[in-house]
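The block underneath contains the structure these notes are about, expressed in structure tokens.
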Amino acid sequence: MTISSNHTNLRDIWYTMIGIPGLEDAHTWISIPICSMYIVAVVGNILLLFLIFTERSLHEPMYLFLSMLALADIFLSTVTTPKMLAIFWFQDGGISFGCCVSQMFFLHFIFVAESAILLAMAFDRYVAICYPLRYTTILTPSVIGKMGIASVIRSFFICFPLVFLVYRLTFCRRNIIHHSYCEHMGIARLACDSIKVNIYYGVIVALFSTCLDVVLIIISYALILRTVFRIPSQDARLKALGTCGSHVCVILLFYTPAFFSFFAHRFGGHNIPLHVHILLANLYVVIPPTLNPIIYGVKTKQIQEKFMQVFSMSKKLC
């Protein structure tokens, strides 16, 4: 690709990510909680995966979907956090255009896939409460596997066009990214060309993937509540709602900062300081993966019991 002296060949472009603009002096202190949460996220989700796959009593639809969520959380935090810590600790913000686009793709790919997994978990709760006698016949291992594959395929076809939308742009010699990781609009805004197509596609993706997932989740819970409030026994109602508690917490943890970041990025950029926006974006990729296994560990009796069994066995071996 031949370009004028005012532009740079894509293969030669190197970006410098500066971390959190305006808080460079605090990078070391900010890195401590982020590193701690990353370690807890990886260890906690790996432990959750270990418990689910080694304990036959946890081979139920709810826990199989939970294992997908745990795997997505490990990938989400690992795609971004190591490079983030390298910036905070060693000022190593250099990244090639190809690596930056790869990080962008996997970040958005995992986010869309995780949104689909949360929708599948809402469907799981809907079937468990509204059709309890048909629960295991509807959500068979084969159906669960197909739902997981469908989540990955959907995410791939939604996010792969982002790579072409970025590669079609002509880039000037601006190479400073005011962020700790690469994301679609952050790269696109460094281009000399019009990025209207990138903006429109980003909005369409948000509306017809993430927002659609949220609408379907809300519909699922509306149907769940309708069924629950028809149960005559108050204890039975509370028990049914209790099975949804962990999932609702995880949903709020996942979508609330995501929508805040999305709307702030497009409509509130002048009202919200850049360092606040970037700091929240950094915390977003570590806080949900850190808290998800803790939420399910605290609120799910079966996981608590299996964890205590493994913990007591390890103590005996020591």
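Residue numbers in this text run from 1 along the chain shown.
Glycine residues also receive a Cβ, built from the backbone N, Cα and C atoms like all the rest.
Where the annotation comes from TrEMBL, it is an automatic prediction and has not been curated.
Sequence annotations record features per position, and here TrEMBL assigns domain 'G-protein coupled receptors family 1 profile' to 44-296. According to TrEMBL, the feature transmembrane segment maps to 29-51, 63-89, 95-123, 143-167, 199-224, 244-264, 276-298.
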Stretch-averaged pLDDT - the domain 'G-protein coupled receptors family 1 profile' (44-296): 89
Within-chain partners of the transmembrane segment (276-298) [C-beta distance under 8 Å, separation at least 6 from its ends]: 19-21, 23, 30, 34, 37-38, 40-41, 44-45, 47-48, 66, 69-70, 73-74, 76-77, 79-81, 84, 107, 178-181, 183, 246, 249-250, 253-254, 257-258, 260-261, 264-265, 269, 304, 307
Contact ranking winner - 29-51, 63-89, 143-167, 199-224, 244-264 against the transmembrane segment (95-123), Cβ under 8 Å: 143-167
Tertiary contacts of the transmembrane segment (143-167), as residues 6+ beyond its ends and Cβ separation under 8 Å: 10, 61, 64-65, 68, 101, 104-105, 108-110, 112-113, 116-117, 120, 184, 187-188, 197-198, 201, 205, 209
Cβ-Cβ under 8 Å with the transmembrane segment (199-224): same-chain residues at least 6 beyond its ends: 111-112, 115-116, 118-119, 122-123, 125-126, 129-130, 154, 158-159, 161-162, 165, 184-185, 188, 240, 244, 248, 251, 255, 258, 262, 266
For the transmembrane segment (29-51), sequence-distant contacts whose Cβ falls under 8 Å of one of its Cβ atoms, 6 or more beyond its ends: 20, 23, 58, 66-67, 70-71, 73-74, 77-78, 81, 84-85, 88-89, 279, 282-283, 286-287, 289-290, 292-294, 296-297, 303, 306-307, 310
Outside the transmembrane segment (63-89), six or more residues from its ends: residues with CB under 8 Å to it: 17-19, 27-28, 30-31, 34-35, 38, 41-42, 45-46, 48-49, 52-53, 95, 103, 106-107, 110-111, 113-114, 117-118, 120-121, 124, 141, 144, 148, 151, 180-181, 250, 282, 285-286, 288-290, 292-293, 296, 302-303
